[in-house]
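Here's the structure, in structure tokens; my notes come after.
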Amino acid sequence: LGSQPNHSSLIVLPTPSPSPKVRGTHPDCSIVLHFQEREAECQERIRSERQSPAFPRQGGCPTEWDGVSCWPALPPGQARAVACPDIPHVFKESEGLIQRNCTEQGWSLPSPPYHSACQLETLGSSNDTEATARHFVTMKVLYTCGYSTSLAALLLAIGIFSCFRKLHCTRNSIHIHFFTSFVLRGCAVFVKDGVLFSDESIDHCTMSTVTCKAAIAFFQYSVLANFCWLLVEGLYLQTLLLLTFTCDRSYTWGYILIGWGVPMATVGVWVLTRLQYDNHGCWDDYSSPYWWVIKAPILLAIFVNFLIFLNVTRMLAQKIWCPDLSRTHKQQYLRLTKSTLLLIPLFGVHYVVFALFPEHVGVDARLYFELVLGSYQGFLVALLYCFLNGEVQAEIRRNWGKWQRSMESNVFNLATQDFTA
């Protein structure tokens, strides 16, 4: 919406090219897209009238779009009144009437003007706008630091699990896939920011390019894969407890199918659905009903993980309190389960809470949890599964000691050679 006019009788609105019917819109763009939709309908009506044989070639006022309302055609000397657009964030009054007369010179100016009859909402002051801009800049800096820290920690953790041969096992292989999903998620955030917000002159409300849609699809895939690999972590933990630490490698391909295949199929269905039924904008409108194609599998993964959390807790309590179980086995169960039992509720609770409310409710809190706090989840995962892992620490100390002894031996040999020479 343009700035509020003081003396003009018209409100100047952005008039981008017409677009298909909008089903779901981002809250910040809903106003622009509402008027864009109304304009498209009005322009279609104008084209139909011009193609009609009954269209008057001389005299009268043709159908006209004035940037706010569509005025149907009138013969000379008549007047027409329309109601204020019912848009709560723009106009305070929706029952006010604006009138225009059809004169020999054409349509008269709206009387009374829109800003008088409909009472425009008071726009935020420049200080409020600057404060909001600073708030989002600060938030972007915070989540950029968070994702950068997480990426560094995750790549180091992947390197540790890959380099030390004694750490090669099904459990750590699943951890590597889980870490990789976080790496993809962090990269997807940076790619999305680079595509959507690199140029401030771009109209994000009407932006609809293949590049931006691909960036959003990649982001949705990484998020869904992230939750699927968290589900795999829970499934693997429960399998180990049920099989009493008997690791069956035949499950590995099934885990890979769940972690990478299910997100690929889901995002593929979502992309085809958006292309067919809702191909507008940049596909980042979470109020679209087709967003449930992505949202439903995530909620299902969280729900299944919560059931696993309850079941593993029950099984763990039974095994720990079993009098026949040795102290060594009890410590082994506790060490195995503590990380996953902590991550399952940590990753799912806030998502479920926000999923129960519409997308426009609690936007600030949602952004803070999903962007700022969520950006450090990868670092937390690397910390719990790798850096605080006793097995990993022991292997690092063993190799560090071996390297030190090798260096001391080389220095001694070099010094001995110099001395004997």
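Heads up, residue numbers simply count up from 1 along the chain you see.
Glycine is no exception: its Cβ is also placed from the backbone N, Cα and C atoms.
Copied over from TrEMBL:
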type: REGION; residues: 1-24; note: region 'Disordered'
type: DOMAIN; residues: 41-122; note: domain 'G-protein coupled receptors family 2 profile 1'
type: DOMAIN; residues: 139-389; note: domain 'G-protein coupled receptors family 2 profile 2'
type: TRANSMEM; residues: 141-164; note: transmembrane segment
type: TRANSMEM; residues: 218-245; note: transmembrane segment
type: TRANSMEM; residues: 252-272; note: transmembrane segment
type: TRANSMEM; residues: 292-312; note: transmembrane segment
type: TRANSMEM; residues: 333-356; note: transmembrane segment
type: TRANSMEM; residues: 368-388; note: transmembrane segment
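Beyond the ends of the transmembrane segment (218-245), by six or more residues, the same chain brings 170-171, 174-175, 177-178, 181-182, 184-185, 187-189, 191-192, 251, 255, 258-260, 262-264, 266-267, 270, 294, 297-298, 301-302, 304-305, 308-309, 311-312, 315-316, 319, 332-333, 336-337, 340, 343-344, 347-348 to within a C-beta distance below 8 angstroms of the stretch. Beyond its flanks by at least six residues, the transmembrane segment (141-164) meets 172, 175-176, 179-180, 182-183, 186-187, 189-190, 371-379, 381-383, 385-387, 392, 395-396, 399 of its own chain at Cβ-Cβ distances under 8 Å. Proximity of distant same-chain residues to the transmembrane segment (368-388), defined by a Cβ-Cβ separation under 8 Å and at least 6 residues beyond the stretch ends, is recorded for 139, 142-147, 149-151, 153-154, 156-157, 160-161, 175, 178-179, 182-183, 185-186, 189, 339, 342-343, 346-347, 350, 354.
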